[in-house]
Amino acid sequence: MVCTKLVSTRVFSIASCLCGSAPCLLCGCCPSSNNSTVTRLLFSFFLLLGTLVSVIMILPGMETQLRKIPGFCQGGTTIPGIENHVNCDVIVGYKSVYRMCFAMACFFFLFSAIMIRVKSSKDPRAAIQNGFWFFKFLILVGITVGAFFIPDGTFHDVWFYFGIVGSFMFILIQLILLIDFAHSWNEVWVRNAEEGNSKCWFSGLLFFTILHYALAFAAVVLFYLYYTKPDNCAEHKFFISFNLILCVIISVVSILPKVQDASPQSGLLQSSIITMYTMYVTWSAMTNNPNRECNPSLLSLVSNISTTEAMPTSSPGMVQWWDAQGIVGLVIFLFCTFYASIRSSSNAQVNRLMQTEEGKGTVGGEEVGEDGLRRVVDNEEDGVTYNYSFFHFHLLLASLYIMMTLTNWYKPDTTTQAMQSTMPAVWVKISSSWLGLGLYLWTLVAPVIFPNRDFN
């Protein structure tokens, strides 16, 4: 009887978390967590779930396998007396990715609009933000189902340009998060070095700084070797050289005496991470060049096959979905999404850019319910620790970035059912790297230019 009562209490508690605004329960082995952190992690989980579905839908050969299911796909295996109704050309491939990411973008746009100007958890809308997870999931599923009924028409062309703009903005956000991560990393290790065993911690900082610069330099050499030609690829030569010069400039500026005096937390570790990320964005941009002589496939590089033999220019519909830069992009995306959900930064400039505030909100202790189970602590009664609306806008941009990454930034051609590389995608990525480097340079020189302002 006692056991039955305990089980029913547990089920009721979980139901209140999924269907109501009550704080979610934590399992006994989990540490007590803040409401703001758990909410961001759950919304990020929705994004990752949509990403996983998109990855499955775009797997090579998925349409062929679906057509083998009797009575499912139009034009596939049939069952006598049953008509195949499903258009498998839409539910797999780039069309499915566009629709899935469209649904996620609409979902996060909806919550971004609802959560405008929420100041604390006392606002009734905060209950929607921090609870009702089952209904949120149903809303996402409903929007997704509806997205697959959108007629082809110009949808893919229009949404491609939305993806270009959104991805441009998300690359900047990724760079801001990497700057924040580098600052936090440097701050923690320097503090540990000052407290004891300084030789070990400073050696670690030196090792990773050299490693990052070595990887970036190796990337530059490989870029010149494989992505340029003596009498061709002038754009690539400019991209590599110009970004290399900019990275050298920010590295030198970060250790100038005046910059160090105004911002003691700045240093070469941060610059090395930004340099390495800039080289990744440069590489990613060059892989979207429609000129195959300047853009060899990874397969041709590994097997030492001529690029013109591996992928003829006359075959724009040939798409290599799972290339190396796409995989690296997904890894960086996963890291930045998780970091954005748990970050608590002391960098005032980054907090201002990311619409978060250090130390704001109530610091609560561990909350235990009457049944002895831990609950999430509401740490936002006096003020939110992050901008609800901006957080959802950030996830909206992440949805668009995932769409472009999974389709390799190719432009869909609905007349030929092909995917084509475009120069606009190249320039969007390169310009985002320039703007990102400019933002990082600003975080270095702003305390020097405005000494009377508090940037610490």
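Along the chain as shown, residues are numbered 1 onward.
Every residue gets a Cβ built from N, Cα and C, even glycine.
Model, not experiment: these values are computed from the prediction.
Per TrEMBL, transmembrane segment is recorded for 41-62 (among others).
Sequence-remote contacts of a segment are chain residues at least 6 beyond its ends whose Cβ falls under 8 Å from one of its Cβ atoms, and for the transmembrane segment (97-118) they are 43, 46-47, 50, 53-54, 57-58, 90, 125-126, 128-129, 139-140, 143-144, 146-148, 150, 155-156, 159-160, 162-163, 166, 384, 388-390, 392-393, 395-396, 399-400, 402-403, 406-407, 412. Residues annotated as transmembrane segment in TrEMBL: 97-118 (among others).
The transmembrane segment annotation in TrEMBL covers 130-152 (among others).
Beyond the ends of the transmembrane segment (158-179), by six or more residues, the same chain brings 98, 101-102, 105, 270, 273-274, 277, 281, 332-333, 336, 339-340, 343, 347, 350, 353-354, 394, 396-401, 403-405, 409, 411-412, 424-425, 428-429, 431-433, 435-436, 439-440, 443 to within a C-beta distance below 8 angstroms of the stretch. As annotated by TrEMBL, transmembrane segment applies to 158-179 (among others).
Annotation source TrEMBL lists transmembrane segment at 200-226 (among others). Beyond the transmembrane segment (200-226), the same-chain residues lying 6 or more positions past its ends with a Cβ under 8 Å from any Cβ of the stretch are 186, 189-190, 192-193, 236-237, 240, 244, 247, 268-269, 272-273, 275-276, 278-280, 282-283, 286, 296, 301.
Long-range contacts of the transmembrane segment (238-256) within its own chain (CB-CB distance under 8 A, at least 6 residues past either end) are made by residues 216, 220, 223-224, 227-228, 266-268, 270-272, 274-275, 278-279, 282, 285-286, 430, 433-434, 437, 440-441, 444-445. Annotation comment: TrEMBL describes 238-256 (among others) as transmembrane segment.
Residues annotated as transmembrane segment in TrEMBL: 268-286 (among others). Sequence-remote contacts of a segment are chain residues at least 6 beyond its ends whose Cβ falls under 8 Å from one of its Cβ atoms, and for the transmembrane segment (268-286) they are 171, 174-175, 178-179, 181-183, 185-186, 205, 208-209, 211-213, 215-216, 219-220, 223, 227, 236, 239-240, 243, 246-247, 250-251, 254-255, 294-295, 325, 328-329, 332, 425-427, 429-430, 432-433, 436-437, 440.
Annotation comment: TrEMBL describes 321-342 (among others) as transmembrane segment.
What TrEMBL records for 390-410 (among others) is transmembrane segment.
The transmembrane segment annotation in TrEMBL covers 430-450 (among others). Remote same-chain residues near the transmembrane segment (430-450) are listed as 168, 171-172, 175-176, 179, 239, 243, 246-247, 249-250, 253-254, 258-259, 262-263, 266, 270-271, 274, 277-278, 281-282, 285, 347, 349-350, 353, 456 (criterion: CB distance under 8 Å, separation of at least six residues from the stretch ends).
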